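Undergrad: Provided herewith is a single structure, encoded as structure tokens, for subsequent inquiry.
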Amino acid sequence: MSDCNNNCSSCSQSDCSSRKESFKVEENKFSHVKHVLGVVSGKGGVGKSLVTSELAVLLNKKGYKVGILDADITGPSIPKMFGIHEQALGNEQGILPAVTPGGIKIISINMMLDDEETPVIWRGPVLAGVVKQFWNEVVWGELDYLLVDMPPGTGDVPLTVFQSLPVSGIVIVTSPQELVEMIVKKAYNMVKQMNIPVVGLVQNMSYLLCPDCGRKIYIYGEGKGEEMANTLNIPSYASLPIEPAVAQLCDRGAIEEFSHSYLDQMIAYIETIA
Ligand SMILES: Nc1ncnc2c1ncn2[C@@H]1O[C@H](COP(=O)(O)OP(=O)(O)OP(=O)(O)O)[C@@H](O)[C@H]1O
């Protein structure tokens, strides 16, 4: 590689033959996680945490043991969606995740703060260190799926997750605006460079269903989600409408009560990846 400066720690190329060190971090010795799935978005506010939560709820309802690692350290929203406000406890084995009423295990920086409204103003390497701790210090126990809700973009934290955790697949969340297409491709290309398969693309907020006539109203235009999934050879695709009832469930901390089938096919695909 002509531009190699021999500093593996700042390089994202994972298949380089001269790479000597592995960045993989050991999982907690009281954990046995079968599959780690990352949920990413190129851009903030597209509904990545909501999609992470819904995928977790659906897998959990199918009888799998599921956890969510909230790696969105500066904008954590997972605990609120599940109505979790207590602080994390620990014992001699490590940090204990909170457990939702449905049985999903959750860890988030918000569970470590004295006040959940305190902002986290830390630099990238510190944020990345916290994510590693969430992997090797949290007692996840037996899990079939650990979903990792990433911060938006392609910064330090996603890079750390891809290099340090045994990620077996990525779901990309997008919204229908034109601008987003280029940004999704950046996220897609980052994941590809790390040799991690993209298992699904979700286009969130695709349309609004008229409450009177049921017509689909494409507020942001029809979007190119499905076309993008086909072009990029992403094996599963889902399109979610804007659902005011779902927004209310998020606000009430009751996301486990959602009941739609838009993600069912993606779940069926996720179940096939071993
Ligand atoms: N399809 C939808 N229907 C209704 N409300 C939605 C939908 N998608 C997202 N929302 C609302 O938007 C809020 C923000 O979504 P979410 O936290 O999932 O975005 P995000 O992409 O994770 O944001 P960030 O990039 O800041 O982490 C949710 O709490 C929910 O209320």
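Keep in mind that glycine also has a Cβ here, set from the backbone N, Cα and C atoms.
Just lifted these from TrEMBL, have a look:
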- GLY42, LYS43, GLY44, GLY45, VAL46, GLY47, LYS48, SER49: ATP binding site (BINDING)
Undergrad: Which has the fewest other Cβ atoms within 10 Å: GLY42, LYS43, GLY44, VAL46, LYS48, the binding-site residues listed?
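TA: With the binding-site residues GLY42, LYS43, GLY44, VAL46, LYS48, fewest surrounding Cβ atoms within 10 Å: GLY44.
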Undergrad: Select, from GLY42, LYS43, GLY44, VAL46, each of the binding-site residues with a Cβ positioned under 6 A from at least one atom of ligand 1; if none does, say none.
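TA: What lies within reach of ligand 1, judged by Cβ under 6 Å, is GLY44, VAL46.
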Undergrad: Kindly assign LYS48 (ATP binding site) to one of the three DSSP-derived states: helix, strand or coil.
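TA: Helix, per DSSP.
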Undergrad: Ranking the binding-site residues GLY45, GLY47 by other Cβ atoms within 10 Å, which is at the bottom?
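TA: Looking at the binding-site residues GLY45, GLY47, the Cβ with the fewest others within 10 Å is that of GLY45.
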Undergrad: For ATP, what surrounds GLY42, LYS43, GLY44, GLY45, VAL46, GLY47, LYS48, SER49 with a Cβ no more than 8 Å from their Cβ centroid?
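TA: Sorted by sequence, the hits are SER41, PRO152, VAL173, SER175, ASN204.
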Undergrad: Can you give me the same-chain residues 6 or more apart in sequence from SER49 (ATP binding site) with a CB-CB distance under 8 Å?
TA: ASP70, ASP72, SER77, ILE78, MET81, ASP149
Undergrad: Indicate whether GLY42 (ATP binding site) is helix, strand or coil by DSSP.
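TA: The three-state answer is coil.
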